[in-house]
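Lifted from Swiss-Prot, the feature list:
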DISULFID  35-59  disulfide bond
DISULFID  38-88  disulfide bond
DISULFID  56-110  disulfide bond
DISULFID  60-112  disulfide bond
DISULFID  87-115  disulfide bond
CARBOHYD  80  N-linked glycosylation site
CARBOHYD  106  N-linked glycosylation site
SIGNAL    1-24  signal peptide
């Protein structure tokens, strides 16, 4: 009879630990991160009264998956994981002059597309 009480106690403690850990996690999806959607955001540094300057900001997607063997054979330096991502970039923009003579892009529409920060 004592062995049943020990098993019941172990099960009860395990259940309580599980419930405690479940309630300690914030509400929402486990994979969701605090990153807003891709949209226009005012650039406070370059904006002036009456002439706001906007830039695209926010999250798109990224993923990683195993590189197919057929593709690895064609690589000069084979890698096991292939990653793919898209960035929040300007779909349309206009040129604007701020602070006298500094030319910047004033974004007018955003979308998720190829990341350009590494393509100089």
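Think of each number as a place in line: the chain as shown, counted from 1.
Every residue, even glycine, has its Cβ placed from backbone N, Cα and C.
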* Structure fact -> Among the recorded positions listed as 35, 38, 59, 60, 80, 112, within 10 angstroms of residue 87 (disulfide bond) by C-alpha we get 38, 59, 60, 112
* 80, 106 as glycosylation sites, winner by CB count within 10 A -> 106
* Structure fact -> Those recorded positions from 80, 106, 110, 112, 115 that fall inside 10 A of residue 59 (disulfide bond) by CA distance are 112
* Asked: How many Å lie between the Cα of residue 110 (disulfide bond) and the Cα of residue 35 (disulfide bond)?
  -> 16
* Structure fact -> Counting every protein chain shown, other Cβ atoms within 10 Å of the Cβ of residue 59 (disulfide bond) number 15
* Go through the recorded positions 35, 38, 56, 80, 106 and tell me which ones have a CA within 10 A of the CA of residue 115 (disulfide bond). => none
* To do: Compare the Cα of residue 106 (N-linked glycosylation site) against each of the disulfide-bonded residues 35, 56, 88 and report the nearest.
  => 56
* Spatial neighbour of residue 80 (N-linked glycosylation site) that is closest, considering only the disulfide-bonded residues 35, 38, 56, 60, 112 and their CA atoms -> 60
* Structure fact -> By a 10 Å Cβ neighbour count, the lowest-scoring of the disulfide-bonded residues 35, 38, 112 is 35
